[in-house]
Amino acid sequence: KVAIKGIERELICPACKELFTHPLILPCQHNICHKCVKEILFAFEDSFADGGSESSNQSSPRIRISASSMDRIDRINRSGIKRNSLTPRSTLFPCPSCQRDIDLGERGINGLFRNFTLETIVERYRQAARAAIAIMCDFCKPPPQESTKSCMDCSASYCNECFKIHHPWGTVKAQHEYVGPTTNFRPKILMCPEHEMERVNMYCEICRRPVCHLCKLGGGHANHRVTTMSTAYKTLKEKLSKDIEYLISKESQVKAHITQLDLMLKETECNSERAKQEASQSFEKLYHVLEEKKSAALRAIETSKNIRMEKLQTQVEEYQGLLENNGLVGYAQEVLKETDPSCFVQTAKQLHVRIQKATESLRSFRPAAETTFEGFVVDTAKQEDILGDLSFHSNGLEIPEINEEQSRMYNKALISWECPGKTDSADIYVLEYHKLNKEEESVTWQKTEVCGKSKVLSDLDDDSSYAFRVRGYKGSICSPWSREVIMRTPPAPVFSFLFDEKCGYNNEHLQLNPRRTSVESRAGFPLLLGSERLQVGCYTTLDYIIGDTGIAKGKHFWAFSVEAYSYLVKVGVVPSNKIQKLFHNTHDVTSPRYEQDSGHDSGSEDAFFDSSQPCTLVTLGMKKFFIPATPAAPKDPASRILPLPSCLGICLDCDRGRVGFYDAGRMKCLYECEVDCSGLMYPAFALMGSAAVHLEEAVTAKYREYHDDI
């Protein structure tokens, strides 16, 4: 039986999709029903007689002619070969299996062999299918007899003789419950699926399922409210009976709803037809506009062509006159034959002027008209984009809005959006973006479909601005485009590193998180103990920490954030040959400007202090960004203090020897200066007091894509 069931696919006719009936073997060794061959040939004959009309090709409801078969019908029709199997001519037949035109020869169907082997297998399959409908006895010797009853206790089916043998009179088995033949044997006692040896005797009202006493004592239902099975049975039966009675009592209301739904079906049908007509009219208007524009463009081209042809033809005639014995030259030759001086002079003066003009024209030859029609090229790029966006608009579908706070531009671009109503009214979203380029006249939007409310893009160029927009789709209906949002990519490829916990790391003052992506300075007892020996007018040391990876060449960018409560943080870069000096800098202990023995407050010592620093750093703290005092910086100290951005970035260009400090949220440069890149360059950070720095997390391929609810 299993073998017979497994070959069902081989027993299906490729034309009628049913079991073979009197199968014939085609010359290509494929099989087809005898009736199907005749119906296809007669369908082709009708198609040939009617010129290949679609109505004649569907003459038989039993046959299913595919589009490829219809193409072959047209091809045979055009070839002029007769396909009537009743004539002795050569007959072409399109095989439904191999999709080729098979020559059946002069005899047509009569020349095909009947596949008796396949016919026998199909008949055995039919017998097996009929036998599968009946439930056979489980205990008969082959061949099994059809069962007459099934024992619910034994979970088996029996014929009359086998039932008497296995259920003798006067035994316990004679008391078994038996029903008509069935394959659905339901156990008399419902056992617990978690405790297979225990029968269910309680009902959990929390989980709404039967449980056993072990489930209640120590299982998953220990703290749940349960009731006895009889009580649950009685309660649920009463509720179900009342609900059924309620539905029966509301039969008239149900019929009214059915009537209303029938009306809505008809109304939907009518409204859809009306919508089709309106859509057709809209497209017809577009067709008319295009036809008018097309006609106007062709007329303009034709007019320009005629004018140019006329000018060129005139010029051709003028130059033909310059040939010997033709036109102007021929006329001049005849004038030269004049022997009377007075008559010759009278005619030759004007003729000589014309000859000179022709000579000048010959020396500086210029066509009277251009042959190219470059000025008549129709630019349809914008119109194609507009037509590409042509779809059904619905006021009921919410317009999504791109969330600029949740969107990020880092190693990849993360674009997030949300609907004002906070509902998922759209089934799918389409995100479009393009690079802002002033040189390009036309804009080409790149499109991507998104199932969620965020998308990670990795094909964007560095140091470039992009425009983004999104719209929602629900079936064939779409919302209007969202407001365009412009975001800028980092000025260089993102450089990944972690805080170095080995080189100069002061674990008494600084604390790293396990992933080494955050560092925190705590102003606790260690700082107070370190300050105990210092005098008035002095400040404590900065605690430095660097990145674990250096940069040798190229241009790189990294970003980080500084906690708002941070008192003092310095960020920048340090060369590898000055790392030791960085961690042992004596100028971090006291400042001579405020030393009691200094005797002045000129600030010249600060200039010495800044120039002697081993690394390039800028100062942050108290929610401010301090631009260093340089000759190019503003003289007013207040203008050198900027609000601290939520995310900062550093761009190091080793090839140019420049380092820039950026507002990473807007990718705007706040300060840039020269830097010595003679060795490996490391990211450097310094903290004092309560402060914390967090490295920016890289955007991964599935970042937030499936976590929109976070």
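Glycine too: its Cβ is placed from the backbone N, Cα and C atoms.
Caution: TrEMBL annotation is automatic and unverified by curators.
Listed ranges 62-89, 258-285, 398-425; the one TrEMBL annotates as coiled coil is 258-285. Broken down with DSSP, the domain 'Fibronectin type-III' (399-492) shows 0 helix, 43 strand, 51 coil. Distant neighbours of the coiled coil (258-285): none; no residue of the same chain at least 6 beyond its ends has a Cβ under 8 Å from one of its Cβ atoms. For the domain 'B30.2/SPRY' (477-704), the mean pLDDT of the prediction comes to 80.
In terms of DSSP secondary structure, the domain 'B box-type' (187-229) contains 7 helix, 11 strand, 25 coil.
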